[in-house]
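J.: Please find one structure pasted underneath; my questions will follow.
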Amino acid sequence: ADRLPPCAESVPTSVSALNIGGEAGGVRDGVPIYPGGATNMYTPTSPLSLSQPSSLRSFMKLPMGQSSSVPGTRLPSQPPQPPSTKSKMKRKDSFVGSPCRLQDTDRSTQASGRLDFLTYLPYEIAMVIVIYADFPAITTISEVSRSWSRFSRDNAVWRRLFLQQREWRTPRALATASWRTTRPNRLFGGVAGASPSLTPHNAGASGASTPRIGEGELPATADVDALLTSRILSAYMGSSLQPAINLQHMVAPSPTPSALGEFGGIGSQLHQRAPVDWRYLFQQRLELDRHWSNGIADVHVLTGHADSVYCVQYDHDKIVTGSRDRTIKVWDNNTLQCLRTLTGHDASVLCLKYDDTTLVTGSSDSTVIVWDWATSAPALRLASHAAGVLDVAFNEEHIVSCSKDCTIKVWRRSTGRLLRTMAGHRGPVNAVQLHGNKIVSASGDSLIKMWDLKTGELIRTFAGHTRGLACVQFDGKTIVSGSSDQLIKVWDAETGTCKQTLRGHKDLVRTLHFDGGRRAVSGSYDQTVKVWDIITGKCTLELKDMHTSWVFDVQFSASKIVSTSQDQKIIIWDFAKGLDVADIN
């Protein structure tokens, strides 16, 4: 942490020194000379060095009298006189004198001709430079001077920092990012004045379409900003936040409607909402990560089913569960009250999946029912399996089901017509996943198989588990599987190699949820729910002593985990305790 980062590779000879707040410096033989009278020297690293892993000291401080280990710099005992041409320099700052302009130093700074290169640049150009800094650098920039602190508070900076974290790009956050304000509120915590109207975001190279300094209101005191920056820094120290990212990934593009998928409609709701304060969202999301790491959550228990609860799915508004009592219940995710109960199956409801218009359920009665959300009535009943339907998946055109009869069937979603049957497993097919034109299945025969949706041909077999598989997840590139051998394995879908084995459960791993990030959540017959980092293979959180029997299903989002069990309980762990996650959940 005490290692000094390298200086910028070159210094223009027309600039005397990057000297902020001290005596005048100069350039001698192409080398910047730092004066002895300054108490703190800030030497910004180059943008390239910011792209490498760094400590929180992305900018270095050189105390008075301390020699630098950076090649090409020295601290003379007597500060040199500035070049004679310096006295003729005229401060060219179009914002000097503006009532909203923050003065960085005293009047002697202007008189001596010292140059603050960021402040002298047009605001938009300065922001193109600042936008490439990582979070530790932005924190340091906020401490350099009052003007630099203003750059560090820009809404575009925090939007970019937020979107650099892949784990944070939830559908709601991406929908929020697709809109911006004409005059962004760049002040943390809503200190600014009236909320401007919203307009569609048109992403540029820097992602910033920001006003010049002088627009909007200024905070009443800098203490508020310093306090909140301190809170962000404290949260960063204990989080899994990624450090600086390679430059080619620093400019995170705004999401397109196609990237948002079925959540694209969320963006239209933002017309009626206040402008987005990305610095505030960053702080809230960072604190949410800390809650996950430390297990800080409110716990709620839902009861209402008369028997074991086998399956669950939920979103921002509702929770849907299926039970051995042959019913499907829809719960309000905010009030936790049961809204309606669907009946139609003649045996246990073992699996379910839904989207905005359709609910698909599978049952021990060997049938699949397609429900219409608008009427809560069955629209189609698919009957072809010879035993219980253990899992279902679907997209816009197809429904895929798997069964205890060792087969996988593909149906036309609109008509319910059976298109093809895949037989290749030698045991019950307990789980199935659909992504693009690929189907991934997990069976009691201890194998995972990948199939072509269009042709039904077997593409690849994944062997590695020593006992039957109970669950599988697939995001297009990575497969995560759970088995009776008490292990969770992470596979490369393209090569078929096992990248990681997660150990920790003491019984059958019955359920998994994985959404494409580095976090996965599992539930087991050992009555625990575990949170995993699939990159490191470590269990980051264990939730126990809540379920009193086997855990059958688990789902998670940015702020919650919902699990179901043989004990008839639905348990909700809400990690957004005391946080505002409306735009990031």
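Cβ from N, Cα, C; glycine included.
As annotated in TrEMBL:
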REGION    62-108  region 'Disordered'
DOMAIN    115-161  domain 'F-box'
REGION    195-216  region 'Disordered'
REPEAT    302-341  repeat 'WD'
REPEAT    342-372  repeat 'WD'
REPEAT    382-421  repeat 'WD'
REPEAT    422-461  repeat 'WD'
REPEAT    462-501  repeat 'WD'
REPEAT    502-542  repeat 'WD'
REPEAT    544-583  repeat 'WD'
J.: Can you tell me which recorded stretch out of 382-421, 462-501, 544-583 has the most Cβ pairs within less than 8 Å of the repeat 'WD' (302-341)?
T.: 544-583
J.: By DSSP, what is the split of the repeat 'WD' (502-542) into helix, strand and coil residues?
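T.: In the repeat 'WD' (502-542), the DSSP-based counts are 0 helix, 24 strand, 17 coil.
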J.: DSSP on the repeat 'WD' (422-461): how many residues come out helix, how many strand, how many coil?
T.: 0 helix, 25 strand, 15 coil
J.: For the repeat 'WD' (342-372), jot down how many residues DSSP puts in helix, in strand and in coil.
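T.: Split by secondary structure, the repeat 'WD' (342-372) comes out as 0 helix, 20 strand, 11 coil.
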J.: Near the repeat 'WD' (342-372), which residues from the same chain, at least 6 beyond its ends, have a CB less than 8 A from one of its CBs?
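T.: Tertiary neighbours of the repeat 'WD' (342-372) are 262, 307-308, 310-313, 320, 322-330, 378-383, 385-394, 399, 401, 403, 411, 413, 416.
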J.: Where else in the chain does the repeat 'WD' (462-501) make close Cβ contacts, counting only residues six or more beyond its ends and a cut-off under 8 Å?
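T.: Sequence-remote neighbours of the repeat 'WD' (462-501) are 427, 430-433, 435-436, 438, 440-450, 507-516, 520, 522, 524, 532, 534-535, 537.
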J.: Per DSSP, what is the residue tally for the domain 'F-box' (115-161) in helix, strand and coil?
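T.: Summed over the domain 'F-box' (115-161), the classes give 36 helix, 0 strand, 11 coil.
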J.: Mind tallying the repeat 'WD' (462-501) by DSSP state, helix then strand then coil?
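T.: When I sort the residues of the repeat 'WD' (462-501) into the three classes, I find 0 helix, 24 strand, 16 coil.
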J.: Which residue counts does DSSP give the repeat 'WD' (544-583) for helix, strand and coil?
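T.: The counts are 0 helix, 17 strand, 23 coil.
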